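Student: Have a look at the structure that comes next, please.
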Amino acid sequence: MSEIIFVKAREILDSRGNPTIETEVVLESGAVGVAAVPSGKSTGKFEAVELRDGDKSRFNGKGVLNAVRNVNEVIAENIIGMEAQDQYLIDKTMIDLDGTPNKSKLGANAILSVSLAVARAQANELGISLYKYLGGLNANLLPVPQLNILNGGAHADSGLDIQEFLILPVNFTSFKEAIRAGAEIYRSLESILKKKGYSVGIGDEGGFAPKVKNTEEALSLIVEAITNANYIAGKDIFLGIDSASSGFFKDGYYNFEGAKLTSKEMIDFYENLLSKFPIISIEDGLAEEDWDGWIEFTKRLGDKIQIIGDDLYVTNIERFSKGVELKATNSILIKLNQIGTLSETLKVIQFARFNGFNAIVSHRSGETADAFISHLVVGMTTGQIKSGAPARMERVEKYNELIRIEEELGENARFAGINVFKKFLK
Ligand SMILES: C=C(OP(=O)(O)O)C(=O)O
Ligand SMILES: [Mg+2]
């Protein structure tokens with residue numbers, strides 16, 4: 001047991017060059033925990049509040065000095081003296097100190113940086129890896145990576161409406177081999193794009209951002225890349241998309257690929273895609289307030305594919321409970337900074353499990369070198385992680401950390417592989 005004696009936050013930069021917060025926590029024993037918070041661009045309307053200064057003279061208003069001050073001057077004096085092992089109590093103390101339903105007073109970024117740094121400090125205090133602290137002996141499952149190799153939407157200027165085109169390597173015996181296949185396919189896609197005269201510039205999450213015609217062309221290029229890399233699409237590698245469709249939903253319609261579609265027409269579009277491509281996962285296929293559409297979507301396609309709510313749920317237990325009750329999806333995306341504490345995130349993952357939902361732990365489009373999510377996904381044995389392309393160091397670092405974890409687990413490591421999708425493959 002060791003109590004917190006020092007808490008200090010600072011403003012650092014994220015992968016887009018925007019400011020974000022990092023916090024350091026020191027325990028009486030000398031154990032230290034440092035954690036940095038990422039930042040989204042296609043953020044959900046119902047996410048907890050990321051506190052930004054609004055002072056246009058610094059970072060065009062995006063500074064986080066107020067959040068830093070909230071850690072150093074408000075949170076610090078309230079948690080110094082608390083035991084680092086009391087994660088739930090520390091998180092509750094911060095939630096109560098904030099006192100708002102969306103953490104708008106202190107900032108979810110401020111609160112989360114402390115929450116994660118405390119967990120790290122406690123793992124270091126115990127002298128064990130973070131994933132082992134989170135999950136103990138049960139923490140031996142390595143996730144299927146969802147690798148975003150072609151970018152659109154708010155993350156790139158490819159002109160594609162769909163934000164993320166993902167490959168999911170499943171037919172492998174280890175995470176390391178799965179990521180190798182992913183990286184080979186990424187490079188294979190680069191060669192194809194070059195040969196066809198497309199740009200090989202990349203988007204925020206490291207995927208290529210060619211100005212291709214539409215979704216079908218993007219998916220065809222990816223299938224070709226899989227084949228050229230000597231893998232079989234639909235067996236070794238499945239496809240996924242994150243439409244981030246709240247970004248093109250307006251006044252009840254989806255403004256998609258030049259047309260104005262109803263929810264039903266959007267679902268028809270996805271159903272047609274499934275008949276042409278080995279897609280196993282669709283995230284945010286519909287918008288964050290289109291509950292009726294989601295119910296229909298899951299009724300029609302929920303036994304064939306993983307249907308993930310991201311902006312729909314924002315890792316919030318209330319919105320997620322509603323989704324479970326309404327059968328709005330069969331899966332949930334998990335982003336720590338959508339809700340703002342580790343303990344609330346753990347509860348949402350547990351709730352997903354109780355209800356037979358897949359949980360996919362995710363990075364944000366603005367990232368740091370912090371690989372906390374790699375430990376979270378193994379600690380909670382969720383079986384899937386989404387961390388962008390197998391390129392750009394802030395993305396790769398999450399995958400590299402999983403390679404290290406797999407090595408540490410040795411013969412006890414298991415790769416989730418096809419198991420996480422078995423229920424969709426009858
Ligand atoms: C990672 C995503 O993007 P962002 O961080 O911009 O919300 C996403 O939508 O899943
Ligand atoms: Mg998303």
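Using N, Cα and C of the backbone, Cβ positions are placed for all residues, glycine too.
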Student: Among Glu164, Glu271, Glu318, which residue shares the substrate site with His155, Glu283, Asp310, Ser362, His363, Arg364, Ser365, Lys386 according to TrEMBL?
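Tutor: Looking through Glu164, Glu271, Glu318, the residue TrEMBL assigns to the substrate site is Glu164.
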Student: Which of Asp236, Asp242, Asp370 shares the Mg(2+) site with Glu283, Asp310 per TrEMBL?
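Tutor: Looking at Asp236, Asp242, Asp370, the one TrEMBL places in the Mg(2+) site next to Glu283, Asp310 is Asp242.
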Student: Return the residue out of Gln122, Gln163 that TrEMBL annotates for the same (2R)-2-phosphoglycerate site as Lys335, Arg364, Ser365, Lys386.
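Tutor: TrEMBL names Gln163 for this (2R)-2-phosphoglycerate site.
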Student: For the domain 'Enolase N-terminal' (4-134), how many residues does DSSP put in helix, in strand and in coil?
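Tutor: Computed counts for the domain 'Enolase N-terminal' (4-134) are 54 helix, 26 strand, 51 coil.
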Student: So which binding-site residues are near Asp310 (Mg(2+) binding site), with CA atoms within 10 Å, out of His155, Arg364, Ser365?
Tutor: none
Student: Checking the binding-site residues Gln163, Asp242, Ser365, which are within 10 Å of His155 (substrate binding site) at the Cα level?
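Tutor: Near His155 (substrate binding site), where near means Cα within 10 Å, the binding-site residues are Gln163, Ser365.
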Student: To the nearest whole angstrom, what is the C-alpha distance linking Gln163 ((2R)-2-phosphoglycerate binding site) and Glu283 (substrate binding site)?
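Tutor: Here the two Cα atoms lie 10 Å apart.
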Student: Can you tell me which binding-site residues out of Asp242, Glu283, Ser362, Arg364 are within 10 A of Lys335 ((2R)-2-phosphoglycerate binding site) by Cα, answering none if there aren't any?
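Tutor: Checking each Cα against Lys335 ((2R)-2-phosphoglycerate binding site), the hits are Ser362, Arg364.
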Student: Among Asp242, Asp310, Lys335, Arg364, Ser365, Lys386, which binding-site residues lie by ligand 1, judged by Cβ under 6 Å to any atom?
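Tutor: Correct list: Asp242, Asp310, Arg364, Ser365.
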Student: Could you tell me the C-alpha distance between Ser365 ((2R)-2-phosphoglycerate binding site) and Lys386 (substrate binding site) in angstrom, no decimals?
Tutor: 11
